[in-house]
Amino acid sequence: MEFPPLWLCLGFHFLIVEWRSGPGTATAASQGGCKVVDGVADCRGLNLASVPSSLPPHSRMLILDANPLKDLWNHSLQAYPRLENLSLHSCHLDRISHYAFREQGHLRNLVLADNRLSENYKESAAALHTLLGLRRLDLSGNSLTEDMAALMLQNLSSLEVVSLARNTLMRLDDSIFEGLEHLVELDLQRNYIFEIEGGAFDGLTELRRLNLAYNNLPCIVDFSLTQLRFLNVSYNILEWFLAAREEVAFELEILDLSHNQLLFFPLLPQCGKLHTLLLQDNNMGFYRELYNTSSPQEMVAQFLLVDGNVTNITTVNLWEEFSSSDLSALRFLDMSQNQFRHLPDGFLKKTPSLSHLNLNQNCLKMLHIREHEPPGALTELDLSHNQLAELHLAPGLTGSLRNLRVFNLSSNQLLGVPTGLFDNASSITTIDMSHNQISLCPQMVPVDWEGPPSCVDFRNMGSLRSLSLDGCGLKALQDCPFQGTSLTHLDLSSNWGVLNGSISPLWAVAPTLQVLSLRDVGLGSGAAEMDFSAFGNLRALDLSGNSLTSFPKFKGSLALRTLDLRRNSLTALPQRVVSEQPLRGLQTIYLSQNPYDCCGVEGWGALQQHFKTVADLSMVTCNLSSKIVRVVELPEGLPQGCKWEQVDTGLFYLVLILPSCLTLLVACTVVFLTFKKPLLQVIKSRCHWSSIY
C-alpha cells in the first residue's frame, strides 16, 4: 500500500493532454527536442546539460526528468515565470542556487526526487524557502538526514503533500515538521526510522495520510493521531501496536500493520471508523485460553514512556486482546500468515460489517459457526492452508452463510462439512476444497442427518459457478454429483480414476462449463468416451497428465480457446485436428511431453498455421530412429528415416537377406575348390578297403 511517487502523478497529469491538432487545440511542436503542447513542455531524457531557454514563456508545466543538469542556476528558470508544475526527477542535481525559484511565484508542484541535494542542502533549502505558494514537494531519494529535511521544509507552511521517502531519516521529533499546519499527506517510507518522539506529528493538525512502511520501528505505543485516516506501518519490526486508551473518536479508516513481528492482536481505538485492517505475516495469536486467569498480576504489561523529563507508565491487560477495540465498522480483515490456533468466542460477533475475512496460512484446527459468527455481511472467507479437521455448525442454525460468495477451504484436513452448512447459501459462487481428503455424497444427505460429516454434497446449489476439488483423492463419481448446479469452472485434477475412464458423469453440467481441468485423472484412449461435443460453451480444457493416445473429439459449434494435451501418450497428429471446424478457433494449444513418432507429424506445418499459438512449440519432440528430435528442427517433407517405412515389408526383408545368402554360397564354393584334391585324398585314405585277392 505504498503511495505513488509524486512524479508519477505529474506524469499522469501530463499524459491526459492528448497530442493532437484541430480546431481550438494547440498543435504539438518541437522546441530543441522538447515536445510542447497546451502549455506543457516535455523534455525528458534529452541529455540536456541546462534548462532550455527557447520554450514558450507561457509554459505552465516543465518536465526535465532524466537530464544531467547537475546545477540549477539563478537564471535557469527566469524565462518561465508562469510555471505551476516543475519536475526535475533524476537530474543529478547537487546544487540549487539561492534565487533559482525567485520568479516562480505560481509554482505549486515540485518534484526533486532521486538527486543529490544533500551535498549542498543549505543553499538548496534557501532556494525552496522562496516558494511561498508551494503545495506538493517530492524530496525522495536525496540521502537527506532529519536535520537536512527540517531545514528544507522550514517556513513552507503552504505545503499539503510531502514525500521524504528513500532518504536516511532515523529519528523523528517535532522540529522536522514544525509549521506545516496544512500538511495532508506525508510519505516517509524506506528510511531508517527507529524512533518517533512523542508529539512529533502533533503540529500536523490536517494530516490525513501517513506512510511509514519499510522502516525499523520496534513498537507504536499510545497512538493518538485522531485526525489520521490512513496509516501504513508495514514492513517494520513492530512487536506492539497500542492506541491511546482515551475514549475519543478516531478518524482512522485504513491501518496496515502487515509484515511485522506483532505478537498480539493490536489494541485499536475504542471509538473509530476503521474499515480495513491488514495484519498478514506477523506472529500473532489469541492466548487468553492458554493462561490461568486466577493470577491477574501475570496478565498485564507495563510500558515505560520517557519523553524528556516526563515519564509515563502505560498498563495493558495482555489477554483482553480485542475486547476494548471498536471493530464495528470493519469490512476487510486480513489475518493470514500468523499463528492463530483458534478464534475466541465473540471475536467475529464484534465485526457485524465484515465482508472479507482472510485467515489462510495459520494453525486453525477447528472452527465453530454460530449465530452471527461469521457475521451475516460476510461475502468472502479464506480458511486455506490451515490444519482444519472439523467445522462445527450450531444446532438448528440455518442461513449462516446466506451472503457468502467465495469460500476457500483448500489445503486442510477435512473429511466433510456439516450437514446444512450450505443450506440457504443462495449467493455462493466459488468453493475451493482442493487438497482435502473428502468424498462426494453418492446421494442426497437427509436434512435431519446428525452424524459426523463424512462427505460433501453439492447438488442443487443453483448459485455455484466455480468448484475446485483438486487432489482430494475422490473415488469414481456416481449418480450425477453436480446435478442442479450451473457450474462454469470445474477442477477435478489429481484424482486418479475419478471419472472411471469416461466423462459421462459430467454431462449434467456440460452445457454450462467454460473451464474444465481434468489433469492427472487417468483418462485412457477410448475414443467414444472422449467426445466433448456436448460441451458447447467450453473455452479452456486441461487434459494433461493422462494416457490419451488420440485427440479427443469435438463436433458442432465449440467455443474452445485453450487446450492442454501435455504428458499424454500421443504418437501422431491426425489430419482431422486441422480440418475439424470446432478446433479452428483455438488460440492456445499445449502439445509437448508426448512420445510422438517423427513419421506421424506430417500435419505439423498445417497445425501451426491454423492455431494462433502452440505455446510450448520449442519443447515438442519426436522419436526418429531411436533419437529424440525437436519437431521444429525436422526438415520439410517426409524425414529421410521414414522413407524406408513406406516400402513393402516383405520386399524389405528379401533385399536384406539375399546378399547374405549369396555371400555364404560363394564362400562355400571357394573353399570347396581350394581344398578339392587334398580333400579327395583324405577321403580315399579313410575309406580304403583291402582286396580279398
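We number each residue from 1, going along the chain as drawn.
Using N, Cα and C of the backbone, Cβ positions are placed for all residues, glycine too.
Feature annotation from Swiss-Prot assigns domain 'LRRCT' to 606-644; the stated evidence is sequence analysis. The feature N-linked glycosylation site is assigned by Swiss-Prot to ASN74, ASN85, ASN155, ASN232, ASN292, ASN309, ASN312, ASN408, ASN424, ASN500, ASN623. The feature repeat 'LRR 3' is assigned by Swiss-Prot to 106-127, with sequence analysis given as support. The repeat 'LRR 4' annotation in Swiss-Prot covers 133-155. Residues or ranges marked as repeat 'LRR 8' by Swiss-Prot on the basis of sequence analysis: 228-239. Per Swiss-Prot, the feature repeat 'LRR 9' maps to 251-272; the stated evidence is sequence analysis. Among the features that Swiss-Prot reports, repeat 'LRR 11' is placed at 329-350. The annotation repeat 'LRR 12' is assigned in Swiss-Prot to 353-374 on the grounds of sequence analysis. Residues or ranges marked as repeat 'LRR 13' in Swiss-Prot: 377-398. Per Swiss-Prot, the feature repeat 'LRR 14' maps to 403-424; the stated evidence is sequence analysis. According to Swiss-Prot, the repeat 'LRR 15' annotation covers 427-448, on the basis of sequence analysis. The repeat 'LRR 16' annotation in Swiss-Prot covers 463-484. Among the features that Swiss-Prot reports, repeat 'LRR 17' is placed at 486-507. What Swiss-Prot lists as repeat 'LRR 19' is 537-558, and the listing cites sequence analysis. Swiss-Prot lists 1-19 with the feature signal peptide. What Swiss-Prot records for 673-693 is topological domain 'Cytoplasmic'. For 652-672, the entry in Swiss-Prot reads transmembrane segment, with the evidence type sequence analysis.
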DSSP three-state assignment (helix, strand or coil) for ASN155 (N-linked glycosylation site): coil
Segment-segment contact (the repeat 'LRR 4' (133-155); the repeat 'LRR 3' (106-127)) at 3 or more Cβ pairs under 8 Å: yes
Shortest C-alpha distance to ASN408 (N-linked glycosylation site) - which of the glycosylation sites ASN74, ASN232, ASN623: ASN232
CB contacts for ASN85 (N-linked glycosylation site) [other CB atoms within 10 A, all chains]: 22
Local confidence of the prediction over the repeat 'LRR 13' (377-398), expressed as mean pLDDT: 89
Long-range environment of the repeat 'LRR 12' (353-374) - Cβ separation under 8 angstroms, sequence gap at least 6: 275, 280, 285, 327-343, 346-347, 380-394, 397, 400-401, 408, 418, 421
Selected stretch (most C-beta pairs under 8 A with the repeat 'LRR 9' (251-272)) from 228-239, 329-350, 427-448, 463-484, 486-507: 228-239
Among ASN155, ASN232, ASN424, ASN500, ASN623, which are glycosylation sites, the residue with the most C-beta atoms within 10 angstroms of its C-beta: ASN232
By Cα-Cα distance, the member of glycosylation sites ASN74, ASN155, ASN424, ASN500 nearest ASN232 (N-linked glycosylation site): ASN155
Cα proximity to ASN74 (N-linked glycosylation site), best match among glycosylation sites ASN85, ASN155, ASN424, ASN500: ASN85
Helix, strand or coil at ASN408 (N-linked glycosylation site) [DSSP, three-state]: strand
Which of ASN74, ASN408, the listed glycosylation sites, has fewest other Cβ atoms within 10 Å: ASN74
Non-local residues, at least 6 beyond the ends, that sit with Cβ under 8 Å of the repeat 'LRR 17' (486-507): 434, 462, 464-478, 480, 513-524, 526, 529-532, 534, 537, 542
Integer Å distance between the CA atoms belonging to ASN500 (N-linked glycosylation site) and ASN623 (N-linked glycosylation site): 31
Euclidean distance between Cα atoms of ASN500 (N-linked glycosylation site) and ASN424 (N-linked glycosylation site), Å: 33
Integer Å distance between the CA atoms belonging to ASN85 (N-linked glycosylation site) and ASN500 (N-linked glycosylation site): 69
Cα-to-Cα gap, ASN85 (N-linked glycosylation site) vs ASN155 (N-linked glycosylation site), nearest whole Å: 20
